[in-house]
Amino acid sequence: MKKYIFMRILRSIVSIFLVTTLTYAIIYTMVPRRLIFKQDPNYNKIATNKDKKTNYENTIFERMGYIDYYDTKELQEKASKEDSSVTTEATEANEKIYQKYIDKLGNGWKLQKFPLSGEFYAVREVPVYERVFEFYANLIQIDHPNVIQDEENPNLERYIRFENDPSVGWSLVGSGTKHKYLLYFNGQFPFVHQNFITFNLGNSYPTYANIPVLQVITQGQGQTKSSEVQFPTGKKTSSVNIYSRTYKTPSKADSQDIAKFGKGDAYTATQSNYQNPSMITSSAIIGLIGVALSYLIAIPLGSYMARLKNTWFDSISTAGLTFMMSLPTIALVYIVRLAGSAVGLPDSFPILGAGDWRSYVLPAVILGLLSAPWTAVWIRRYMIDLQSQDFVRFARAKGLSEKEISNKHIFKNAMVPLVSSIPASIVGVIAGATLTETVFAFPGMGKMLIDSVKASNNSMVVGLVFIFTCLSIFALLLGDILMTVLDPRIKLTSKGGK
């Protein structure tokens, strides 16, 4: 069993690597890079000035990993180490010095000029394999006391220790680390939280510009939510999430930071609390409800179809389920949406918002109806197949009724493979709700994926694909393990561990 789990985890990691790498390569080689400026309001403002436009494009391309870029000032500073006489002016003498420096750099660096001023800059196309390597090299971030290296704060203390912090209580506190609180406890699920290990999926752009991808999908949404917060300087009404404190150079702290944390505190960068749940929480809500609804419909329906096989009930149910399975998803979405509107349910999430339970009803119902027919058909097949097994014949020989046989013996054995698929079903509806969330303007990860594709938010697309792939693959593993828990007779490996 241990060997099986180890090998499955190993294969899962390889699968995640292959899927993410393929997605990364396709997006960053086949999607025109200029599309990322479509929804950037700043780009249109500076588009009239060709020099500013070129500099802005190169800066963004560098931030997104497409190129390495030295603007005029950076290039002059680097080239001056080779020849101190070089300046930023567009002269032939400077061009020769710059070209000599670029030739020495090699590795694909090219010297170019701004269209208006004629000043020089240098760019280098970053090969896709190098970008992929950087993505994985920076994927896992481990926080420790030497992470922060700030020349403006050379006397920064460096430690990790347990403290009874006045703001959050007993916690593992760091200094010199990126995060203030490395391990803490509160009343929010999962109750124990850590910042030792975090994932870096890149920064979002152009939507949610320059915000980490993981922060975008895990932080709350809507308007900020204020409450009484215990700061080091005392209690204040604020929307600050006190647990999110990260390093910020003390000299850059503004008056509000000083009022909350005191002068000289190095951990004044914070996130806010919001009124509405995060994207990942919103998707999980309708996903869990959808799966529960699916099984609540499918289990009794499939069981009765198997018990009453070859009857009019079985025939009509089979025809109805076949129709449901062949119905296009978009058709089902709009049929349920129209029916829901007729009984007063909102046909768009923003109408009532996250604070009203009715906003979640139709999206969850649709997700449940999309998978219920398939689950019901499988239950029927499993139970009919089990009806011919020896243990059923023995039960009949003992004089048990067909109802007792179906409920106590057949149903129990048929549930093993179905229950094992629940983790994958949950992940499937969370990751696959793109159409439903888009139609209802539902603020979840599915809609975010579609919006990111439209906006050419490449980092977000890669990040979401990575998350969905991880969830799906490890859900399958969890399903296998759950199956052995339900029925210890099932072995995931043959004798000898082969």
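Each residue, glycine too, has its Cβ placed from N, Cα and C.
All TrEMBL annotations are machine predictions without curation.
It should be emphasised that the depicted structure is a prediction, and the values quoted were computed from it without experimental measurement.
The transmembrane segment annotation in TrEMBL covers 12-31 (among others). Residues 65-66, 128, 131-132, 135-136, 456, 458, 461-462, 465-466, 469-470, 473-474, 477 of the same chain, all 6+ positions outside the transmembrane segment (12-31), place their C-beta atoms under 8 angstroms from a C-beta of that stretch.
Summarising the annotation, TrEMBL assigns domain 'ABC transmembrane type-1' to 280-477.
TrEMBL lists 284-306 (among others) with the feature transmembrane segment.
Remote same-chain partners of the transmembrane segment (318-340), defined as residues 6 or more beyond its termini with a Cβ less than 8 Å from a stretch Cβ, comprise 305, 346-347, 361-362, 365-366, 369-370, 372-374, 376-377, 380, 435-436, 439-440. The transmembrane segment annotation in TrEMBL covers 318-340 (among others).
Look at TrEMBL and you will find 360-379 (among others) tagged as transmembrane segment.
Feature annotation from TrEMBL assigns transmembrane segment to 418-442 (among others).
Non-local neighbours of the transmembrane segment (462-486) in the same chain are 1, 5, 8-9, 12, 15-16, 19-20, 23-24, 27, 135, 201-202, 213-214, 217, 415-417, 419-424, 426-428, 430-431, 445, 448-449, 452, 492; each lies 6+ residues outside the stretch with a CB under 8 Å from one of its CB atoms. Under the heading transmembrane segment, TrEMBL lists 462-486 (among others).
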Outside the transmembrane segment (284-306), six or more residues from its ends: residues with CB under 8 Å to it: 277, 313-314, 317-318, 360, 363-373, 375-380, 382-384, 387, 406, 410-411, 418, 422, 425-426, 429-430, 433, 436, 442, 444
